[in-house]
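Asks: Quick one: this structure, given as structure tokens, is what I'll be asking you about.
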């Protein structure tokens, strides 16, 4: 079960929280859910160069609170907060346009939008940023084994306890699509107290679409307790073992 279900959904209510935290009447729930999707789509498109890691949404009466976790918060804020104001105005227009199409929704201009930007301290330990980085390098036609090896080394230096990367598609322009993956450290998907960060991304190459999936194990968290950031990276293996190249497994025959 832990191998198939989404790692975040599997741990909701135990060590993970919902990305959208609000309650609504059953009649308005579909419209507000559609607004959340529109907000995430708009911010992801506008902040593509800011290293966007996560977006948290809270609603209080006629107020929307957004928490944006980004690796480069300066890009989000802009000089003197100009970029934040542009984002706020753009979101108001998007919600106003959506309100005219969705029955049961209130006008987008009636809500106050507050944006809080939080800097990601360990960008190399965020699965979303790692998957996006892998996809960008694949689009530049860099060999996937070299990309995976570099990403794993960066994640290990960031202090993660385990990382797994899976890439599927026409790798290196091969005629037959296949799936290859590698893992370093532990990825306990069945353990509910294990803090597993999961992300997936698509790389649009000249040979077609390549799918990228990343699992990052950041440590174990007891229910009801906050996870403390690890101050020091884990002890690295000996130098001779560190040079060992990661092994890949071909899953194309199993999936067929």
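Including glycine, each Cβ sits where the backbone N, Cα and C put it.
So Swiss-Prot says this about it:
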type	residues	note
DOMAIN	39-121	domain 'KH type-2'
REGION	227-256	region 'Disordered'
COMPBIAS	246-256	compositional bias 'Basic and acidic residues'
Asks: Helix, strand, coil residue numbers for the domain 'KH type-2' (39-121) per DSSP?
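Replies: Looking at the domain 'KH type-2' (39-121) with DSSP, the answer is 37 helix, 25 strand, 21 coil.
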Asks: What is the average pLDDT across the domain 'KH type-2' (39-121)?
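Replies: Here the mean pLDDT over the domain 'KH type-2' (39-121) amounts to 87.
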